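In what follows, a structure is listed as structure tokens, so that the remarks can point back to it.
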Amino acid sequence: MALCLMILLYLPGDQIIRDADGQTKPEFVEKKVTTLNDQLNEAIQHPLRLGGVSISEHLRKIQPLLAKEQHFHGASNERQSAVVAAFKHSWAGYKKYAWGHDNLKPVSQTSHEWFGLGLSIVDSLDTMYIMGLDEEFKEARDWVEKSLKFNTNRTVTLFETTIRVLGGLLSAYHLSGDKMFLVKSAELGNRLLPAFLSPTGIPFSHVNLTALSAYSPPDIATSEVTTIQLEFHDLSRSTNVSIYERMASGVNEKLHSLDKTHGLVPIFINSSTGTFRNNATISLGACGDSYYEYLLKQWIQTGRKDNDDLILDYMQAIDGVLTQLMRRTPREHWVYIGELINGKDFKPKMDHLTCYLPGTLLLGHQNGMPDSHLILAKDLMDTCYQTYTRHPTHLAPEITYFATTDKEEQDMYVKPNDAHNLLRPEFIESLYYFYALTGNRTYQDMGWLIFQAFETHAKVEAGYTSLGNVKNTQDTRMLDLMETFWMSETLKYFYLLFSDNRKEIDLEQWVFNSEGHPLPFYPTA
């Protein structure tokens, strides 16, 4: 005889209840036991629903837990006002020539499509809100409500859609308190869940938002599958539905179980086998960078638990950076972070992307990491600044190489194909962390020099353009693309860097995702 049991059970994370003080506690409810796969399939099959009801109805049920509006007061000095003017110039060009499309091409005054999700709008929402641009924020908010549709037959990447669109929507929700953004976030989160149908615990990299199917090429960037967790954690905590956090945390557990090189990971991984590519490069630049960033930031976001695998993996990785990747140039002794080709052969090459690391290291030191992290952070800050000031444009190239012997003519040099600048934010982000956490206004002056360089060389009639050559002020070779991270990250970090209030976004309460979107901390569950 079959016996169906109804039992009282708390599945960890199944219902994340916060009391009036914001502390998390389990709610014991009578429910049928369902497997994780059942919950996953339910969410995928019904992307417009949460907990068996419409997303809006579900959010009405948890109304007391929803975010409250944050208040900002606009620019407080001339430098901040100059950044606001740069944003408004960028926005005006986008609105005139590319409205509703993903990117503006500011030289040809046309648009560029990638995912067809209005990326420039969604990615810029929180920047406008923080800057106090009420009119621009409202027109962007109205476009999101009326025109942002996820049931279009397009395949998107899990990583980029998570950090730009899901992160942008969640941040706009937390800052404005507007529930519409959370409704959109939940639908998108459900439509991205097919990525987790992989048999190995490593998610697929590409998702069709309408067909609700997913796939991967043979190898995918390690950073792509390890830079989704902040957003999926936050979606679970915001909706009180656990499936997003549980799936993303499973990726952490899988990565933790894999063998590493002194805590360092190869930059490619296979979602079919669940293993790293043999003899792949190890780098803190492209394809590897945000794996390390998100180890620390997840740990901070979720309550800084002692002996958490996240922080243990982070500390081991930074030890590996210090012993395996850090070098000094022979004459001027600039500190840089190189790469291991084939996982073993040192290459004295550092991407501009790696200039996120000084800020991350300082953030870690502020949260209890050892002084060796602080020393490396300061040394790298100096080197990254040099990658700007050594060029006549005062703009950094995409990649810098470093001398390994005193027989080489220069301690730093740039190859012709690496001299482009894409309006990237990483060093400005680090400057912001250094100012916000130390109060030292020298970092503001460093940032102002770089901001003026963008004004001089990247500004065109319809916006700001990426450049092909930072080594020649007379031939910068405009590349005709304004990346969405220019408005989402670079200008946001400039604005916060120049603030008279270094806690305009309090880093003891908020953590920035990899696309510059602030998300709140949560107490230990």
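Counting starts with 1 at the first residue shown.
Using the three backbone atoms N, Cα and C, a Cβ is placed for every residue, glycine included.
Per TrEMBL, the features are:
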{"type": "SIGNAL", "residues": "1-22", "note": "signal peptide"}
{"type": "ACT_SITE", "residues": "E160", "note": "active site, proton donor"}
{"type": "ACT_SITE", "residues": "D289", "note": "active site"}
{"type": "DISULFID", "residues": "C355-C384", "note": "disulfide bond"}
{"type": "ACT_SITE", "residues": "E398", "note": "active site, proton donor"}
{"type": "ACT_SITE", "residues": "E426", "note": "active site"}
{"type": "BINDING", "residues": "S514", "note": "Ca(2+) binding site"}
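Distance between Cα atoms for S514 (Ca(2+) binding site) and E426 (active site): 10 Å, as a whole number. In this view, D289 (active site) is surrounded by 25 other Cβ atoms within 10 Å of its Cβ, with every protein chain counted. Using a 10 Å Cβ-Cβ cutoff, E160 (active site, proton donor) registers 18 neighbours.
Summarising the environment of E426 (active site), the number of other Cβ atoms within 10 Å of its Cβ, over all protein chains shown, is 26. Checking each of the active-site residues E160, E398, E426 against C355 (disulfide bond) by C-alpha distance, the shortest gap belongs to E426.
In sequence order, H352, C355, P358, A396, F427, S430 constitute the residues six or more apart from C384 (disulfide bond) in its chain with CB-CB distances below 8 Å. Under 8 Å, Cβ to Cβ, and six or more positions away along its own chain, E398 (active site, proton donor) finds D351, H352, D418, A419, H420, N421, L422, R424. Rounded to a whole number, the distance between the Cα atoms of E160 (active site, proton donor) and D289 (active site) is 14 Å. For the pair E160 (active site, proton donor) and E426 (active site), the Cα-Cα distance reads 16 Å. Counted over every protein chain shown, other Cβ atoms within 10 Å are most numerous around C355 among the recorded positions C355, S514.
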